[in-house]
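*Asks:* Below is a structure I'd like to ask you about.
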Amino acid sequence: MGLRELNESVRVWWTEVRASEVGRIFTVRNIALAVAAVLIVLAIAFSWPKSEKAPQPKSPSESAAKAPAKPQPAPETQPKAKSEPGTITTTPPLATAPARRGTSVGRETVEADVSTRSVSITSNFSGTEIVVFGAVDDSHQETAEAGIYDVVVVVEGTQVPLVARRKSNVAGIWINTESVKFERVPSYYAIASTRPIEEIADERVLRTQQIGFTHVPMMPDPTTKSQLKEKELEQFRDAVIRLKKDDGLFIKKPYGVAFIGKALFRTSIDLPANVPVGPLTTKVYLFRDGSLLADYEAHVTLQREGMEAFLHSFAFDRPFLYGLFAVFLAVTAGLAASAFFRRRGGAH
Amino acid sequence: MDLYLPIAELSVNVFVFLAMGAAVGFLSGMFGVGGGFLITPLLIFSGIPSAVAVGTGAAQTVASSVSGAIAQYRRNNVDVKMGFLLLMGGIVGAIIGVQVVKLLRQIGQFDLFISLAYVFFLGSIGTLMMIESLNAVRRSFSANQATTAIRRSHHNWIHGLPLKMRFHRSRLYISAIPPVMIGAFVGLLGAIMGVGGGFIMVPAMIYLLRMRTGLVIGTSLFQILFVTAATTVLQTTQNYNVDIVLALILMVGGVIGAQFGAVAGEKLKGEQLRFLLAGLVILVCLRMGWDLVVMPTELFSISGITGGSH
C-alpha cells in the first residue's frame, strides 16, 4: 500500500474514463485553455498598478530582492557592548516647558533596564514578554500614588522599508491598484506609559521625541511622495498603523507603567510570536509637568537560536543547498512512507 | 503544540497543519490526484503567505510523487525519451515561472495572480469534469453500455510540425515541439500555482500526443517528480519561499491520510469519485473567487519590499 497504490488509482481513474468521453471534453477544454490564457493576460494588464508604472527590476529594490526579504538577524555581528545598558542622557529642560515649582528643577534623571537583554526565537517560540524596570534618581515623590512623574517606555524594532497597498474594484475584482513605499517604518513599536501620552505632554514635545504611533517616523519614498496628495498619504500612513496594530506589532498600553515605590517603576511589554527578528531599542522617558526631564536607552537583542537559527540561515545563506536538502527530505519521506506501508501489507 | 516556522515566520499549531495534510492526503488518496491544488489554497486560507504556500507546495508534491514515479518506472510505464523532452520543457517553464513569481511579488500582484490562476483552471476543469461525470452517471443508469470506438485519427496539426522524433516506447513518430511546449506550460503553472500539473498534462498527452494512458501516467509522474524537485530548488534560490518545517508537517499528515483515502476510494465507483472530485475542485475555485469579488473588510495591505504579503 502507499503512494504506489495511490498512483495505481490514478491509472484506474484514467483508464476508466472512456476515451471518447474525454475526447469530447478535451476539445472543449482546449478552447477553454486558449480563452483562459487570453483572460489571464488581460487580467494582468488590468491589474498593473498605476502608481508603480515601472517595476524597475534594476533599481534598489532589485538588490533588496536579492537580499533576504527579512531584516537579517546576524547574531554574531551584534556587538556585545550594545546589549549593555546605554548611557544616561539628561535632556536640558525645554524652553517652552511650563514653569516648574520646587527645588527639583532638572535634577532628576532616570535609569532603567530590561529583564531580558537577549530574547531567542526558537522552534517553540510563541511570543514572550519583556519587563522594563527603572528608577527615578532623586525622586521627589512621596509615594507611588503621588503621580508627580510620568514615565513613557518605548520599545522599537529596526526600521525597515515597507510597501502599503490599497485595493480597489476593477471590473468586479478587488485588486491592488495604489501603493506607497515607505522608506523606514519600525518593524515593531510598543509604547507603555503611566497615563495616556496625550495627557503627559503636548503634541510638540511628543513629536520632537517621536513618541506615539502618529509620530513614528514614516517617510514615504521620494518617488511616490510626489504622486500622492497629502491627504491620501495620510490614509496610507493610518492604514500601516492600523494593520501593524492588528498584527500585534504596534502596541499601546496607556496605563502600562506603574510606580512601585517613590522611585521605582516597571512595565511589561509583549513581544508577539510574529515579532520581526532584530535588535530592539528600549527608550525610557521621564516627564514632569509636561516636560521631558531625562531619557534613557537600553537594548534588547532578538535573535533566532538553535534549530530555528540554523534553518533560517541555511535557507538564506545557502539557498541552493537548502533546496537540495528540501528535495532530499521530500524524496526520503515519500520513499519511507511507501516502504513502510508496503511492508505492512497496506491498508486494504 | 505550537511550532515557529522558520520561513513563513509564524507560529502555528502543528496539529492543525497535520490534520490539514491528512485531510488533503485522504482526498488525494481517494481521488488519485496529487493534492497540490488543494494544499496550496488551504495554506493561503490559513494565513501562510501565498508565496510560501506555493514554494512549500512544490516540495510537498515531490514527496507525494516520488514513490509513484519509481513504481511506474519499474513497471516499464515510463517513456524516458518523452519524459526527458517534457522535463526539459518543464525546467524552462519552472525557471520562467519562478521569475514570474518574483516579479509579481515585487509589484504586489502575486496574490491576485494566483487567485485568478486557481479560479480559472479549477473552474474550467472542475466544470468539465462535473459535466463528464454527470453524463457517465446518466449513461450507467440508462444501462447503455455500448462503447464508442476510440477516435484516434492519426493525423492532426501536431503531425505537421518539424523536428520529428521517434519514440519507441510510445510507438510514436511526432515532432519534439509539442512535448516540450506541454512540459514548459506545466512547469510554469507548477511554479506559480504550487501544483504538480498532472490535471493539465495527462489529458494533453492523451489527446494531443496520442499516448497510451498507462504510459501517460508513468511518464507524467516522472516529469512531475523532476520538475517539482527543480522548482523547489529554484524557489529556494530565487524566492526563499520553501518552508522545510511546514513541508515536513504536511508530508507526514499527507502520507497517512492517503492510506485511508485510498481505502475509501475503492468503495466508490469511478464516476462517483469523479463527480465528488469535480465538486471539490469547484468549491475551492468558488472560495478563491469569493475573495476576489467580495469587498474586502480591509482595503489596505502591507508587505516587505520583496513581498511576503500580510
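Indices start at 1 and increase along the chain as displayed.
Every residue, even glycine, has its Cβ placed from backbone N, Cα and C.
Reproduced below are the annotations present in TrEMBL:
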| type | residues | note |
| --- | --- | --- |
| TRANSMEM | B:12-39 | transmembrane segment |
| TRANSMEM | B:51-70 | transmembrane segment |
| TRANSMEM | B:82-101 | transmembrane segment |
| TRANSMEM | B:113-131 | transmembrane segment |
| TRANSMEM | B:172-202 | transmembrane segment |
| TRANSMEM | B:214-234 | transmembrane segment |
| TRANSMEM | B:240-261 | transmembrane segment |
| TRANSMEM | B:273-290 | transmembrane segment |
*Asks:* Restricting to CB pairs under 8 Å, which listed stretch, B:82-101, B:172-202, B:240-261, is in contact most with the transmembrane segment (B:113-131)?
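*Replies:* That would be B:172-202.
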*Asks:* Give the nonlocal contacts of the transmembrane segment (B:273-290) in its own chain as ranges (CB under 8 Å, at least six residues past its ends).
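*Replies:* That would be 27, 30-31, 33, 37-38, 41, 45, 115, 118-119, 122-123, 125-127, 129-130, 132-134, 136-137, 265.
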*Asks:* Against which stretches of its own chain does the transmembrane segment (B:12-39) lie, if we need a Cβ under 8 Å and a gap of at least six residues from its ends?
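*Replies:* Same-chain residues near the transmembrane segment (B:12-39) but 6 or more away: 1-3, 5, 46, 53, 57-58, 60-61, 64-65, 118, 121-122, 190, 193-196, 198-199, 224, 246, 249-265, 268, 273, 276-277, 280-281, 284.
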*Asks:* Which bits of the chain, at least 6 residues beyond where the transmembrane segment (B:240-261) starts or stops, bring a Cβ under 8 A of a Cβ in it?
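*Replies:* Beyond its ends, the transmembrane segment (B:240-261) has Cβ neighbours at 3, 5-8, 12, 14, 17-31, 35, 39, 43, 48-49, 51-52, 54-56, 58-60, 63-64, 101, 232.
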*Asks:* Any residues 6+ beyond the ends of the transmembrane segment (B:82-101) with a Cβ under 8 Å from its own?
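*Replies:* That would be 51, 54, 110, 165, 167, 169-170, 172, 176, 179-192, 201, 209, 211, 215, 219-220, 222-223, 226-227, 230-231, 234-235, 238-239, 241.
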